[in-house]
Amino acid sequence: MLFVGQDTSIGNMGYGFSRLDSASRLLDGSSSSDEIRASPRINRQLHSVDHDIAQLTRLQSPQENFSLTRPGKREYPVSVVTMLAGREANLFKRGRFSPGDCRHVLSKYLPVNGPWVVDQMSTRAYVSQFSLDGSLFMAAFQGSQIRIYDVERGWKVRNNILARSFTWTITDAALSPDKRHLVACFSAVYGSMSPIAHIVNVGSAAKESLANNNEHECLDFTSPEDGGFAFGMFSLKFSTDGREIVAGSNDDDIYVYDLEAKKVSLRTTGHGSDVNTVCFADESGHLIYSGSDDRAIKVWDRRCLRPNGKAAGILKGHLEGITFIDSRGDGRYLISNGKDQAIKLWDIRKMTSKHPYYIYPLHKNPEWDYRWMDYPSQARELKHPYDQSVATTGQKYIYTGSHDSCIYIYDLVTGAKVAKLKHHKSTVRDCSWHPSYPMLVSSSWDGDVVKWEARGGGEAPAPANKEILRRRHFY
């Protein structure tokens, strides 16, 4: 299932699910350009019992009473006007919208207006991420800087962190759920990497740290058995409770670091090549997803996992290495981004225990490099003969940055491209969707951090750097 258009080259760009768990994106007849219209065919799909994920999110949709227009008749889609009237009439005896109702309304609007430049730096932006509540935004740059912006205070720079033991670039960074800590891993030029991650105390909401007086601490992922072998991390993610960090490395292993015990609590040989991306499947922390250059996605169950044990299951379908994965947070669904320019949706109930390495891309060209070359034209129509990804889903957007300097938003019901955002002058390396509002922020190798919203009301925020910096283009 190839959701990425033929005109884009995704490569190792950040992307993810929209966190608007909407039950429908159908309209109430408004003519706003921000809203998304759905065809009758999509309407039938949305309300089909056969679409499992659609049914899951529909349970969180506007209450059935909202759709009652007269006895025995229901109106689909439910209009915003009807929902407002029901709220004002206190239809459900609570005087307010439920979280599902809010998501239903917000999901009709895409962050396509803008852009507004939040910050301009002279070096490439590699990582960007909203905090879980959307009040903070973090961006990491090649020039050793990590900045945390206060979204609710006009995107003011709250923390300006200078990486220590820095040699080339920040390969990944993540904010803890309580917003008190940031963890980052670094890479040196010519591929030399460090097994030491750095965790930084970024303070409370009342504390600012523009002078870089943050408390730094090293997290050592090595063990005596390594024998001096130098490896490094590509991906780091906090657990939901903030007590653990899962990491993927270039020694093919997966690590879990216990922050309270200050040591690695789990290490397992996970793949046959670099582990580019890892994440926890849900808030329990029992399941871990990993993706690798060996083209496999693996599911790990820590409740029955021994050191160097086998994965609970394997998902195969990509023809090239996997660059990023993102979980829906329900322990069941995830999406992946691959060097084969495909974005795929997975249901882990379809995983297998069979090893996938005997599947080898027919178009393999040793001269092709996904980082700066177009995907081979003869490979665009190739399909994995044992693709386990699912074909359709419901009520979700996915979004991705691209090598062509654009941001793309897709509808997973149809696979259709619903928005293409243009501003950047170089590769869009990462982007992040606000967890509660139709707001998306993109970060690029041109040094710009840019905000996109559903409506263009109000003035654009002044860049955090008052001096406008000359753009630098990297190709």
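Each residue's number is its place along the chain shown, starting with 1.
Note: Cβ is positioned from N, Cα and C throughout, glycine not excepted.
The annotation repeat 'WD' is assigned in TrEMBL to 233-267, 268-301, 315-356, 421-462.
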Model confidence over the repeat 'WD' (268-301), averaged pLDDT: 92
DSSP-derived helix, strand and coil totals, residue by residue, for the repeat 'WD' (315-356): 3 helix, 20 strand, 19 coil
The repeat 'WD' (421-462) - residue tally per DSSP class, helix then strand then coil: 0 helix, 20 strand, 22 coil
